[in-house]
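Data block below; observations after.
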Amino acid sequence: MTHIPKTPADTETLLSEVQGWKHRHVLDLDNFSREELDMVMQTAGVMLDILSRPVKKVPALKGKTIATLFYEPSTRTRSSFELAAKSLSADVLNLNVSQSSISKGESLLDTLDTLESLGADMVVMRHPLSGAPYLAANNCHANIINAGDGWHAHPSQALLDIFTILRHKSSLEGLKITLIGDIKHSRVAHSNIWGLSKMGAKITLCAPYTLLPEGLNTNSKIFPEVTLETDIKQAVSGADVVMGLRLQRERQQSGLLPGIREYARYFQLNEEILKLAKSNALVMHPGPVNEDIELSQSVVHGEQSVIKEQVKNGVAVRMALFYLCSGSKEI
């Protein structure tokens, strides 16, 4: 069972437990052990306590510089990382891609060289090409935190999803967690499959055939607890957690869907469908939500929704990642 610290008294315990952290970068969750995932959860619990204090700031990363490098638009993720860095007293360098040398054709590696020359100790990056953060990690000295690369991965989102579930459930072991939406093109889904599996959850992926991942079958060797489903009623039945995923409009243009309304008719999580889940089931979504398409408006704002809590917890989880990767010994 994962213990999430909820009081300041746990800080000393945390400092003695996180010394075994080995990762310089956070690129995805495939190379994280169960123990390392637990370590992130424990650290995030302490960070969440810090954020509840009158002064929401500690000097753990004072003197460090964290750069944000986003090649794709982002509001909540970029703001969350920036607030996390500032809450640890780090200096933040925001690079505006549209107004930088990148818009003139500067390469990723040249941009990273520039950021390192400016003193960046860590770089949070989002890139449209899968694998770009790995290229960065192999070619610069700064810590790289992947804030989303192509269809590949979004590890901090998966970690905050796990953390949010653990704020309500004592363990993920044996929980039925259903993900509904564009699984095939969702970096959030891909990282969650790794993270939730390692935490012992039973995962159901629900989507039209055209939006289910190729090469992943029910009860596969790598993910024996993953089930693929095209019937939303079967997918949601008995679920402990139901997570909607953003339907990207460009998928309709590519011919993978007959239409947005057609999708909503068969795959929208509404109150009637939600009744098939357990009575205490959590409703989640990484955002932004297309209301009345992926989730009905009443479900988004209903009592079982923890979507706003996910946003809040995201800051604590990203603080934890900064803290752990920095090697800091103080909070």
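Just so you know, glycine gets a Cβ as well, placed from its N, Cα and C.
As annotated by Swiss-Prot, carbamoyl phosphate binding site applies to R76, T77, R126, H154, Q157, G287, P288, with the evidence given as sequence analysis. Among the features that Swiss-Prot reports, L-aspartate binding site is placed at K104, R187, R246.
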Near carbamoyl phosphate: residues not in R76, T77, R126, H154, Q157, G287, P288 with Cβ within 8 Å of the site Cβ centroid are S74, S80, A147, G148, V188, P286
Cα-Cα, whole number of Å: Q157 (carbamoyl phosphate binding site) versus R187 (L-aspartate binding site)?
9
Which of the three DSSP-derived classes (helix, strand, coil) applies to R126 (carbamoyl phosphate binding site)?
strand
Going by a 10 angstroms cut-off between Cβ atoms, which of the binding-site residues G287, P288 has the sparsest surroundings?
P288
Given that the record lists R76, T77, R126, H154, Q157, G287, P288 as binding carbamoyl phosphate, what is the largest C-alpha to C-alpha distance among them, in Å?
16
Measure from the Cβ of Q157 (carbamoyl phosphate binding site) and count the other Cβ atoms within 10 Å, all protein chains considered.
27
Whole-Å Cα distance, G287 (carbamoyl phosphate binding site) to R187 (L-aspartate binding site), is 13
Protein Cβ atoms within 10 Å of R76 (carbamoyl phosphate binding site), excluding its own
14
Cα distance, R187 (L-aspartate binding site) to T77 (carbamoyl phosphate binding site), nearest Å?
14
Integer Cα-Cα distance in angstrom, R187 (L-aspartate binding site) to R76 (carbamoyl phosphate binding site):
16
Measuring Cα to Cα, how far is P288 (carbamoyl phosphate binding site) from R246 (L-aspartate binding site) in Å?
7
DSSP-derived class (H/G/I helix, E/B strand, else coil) of R187 (L-aspartate binding site):
helix
Between H154 (carbamoyl phosphate binding site) and R246 (L-aspartate binding site), how many Å separate their Cα atoms?
14
State the count of C-beta atoms found within 10 angstroms of the C-beta of T77 (carbamoyl phosphate binding site), not counting that atom itself.
23
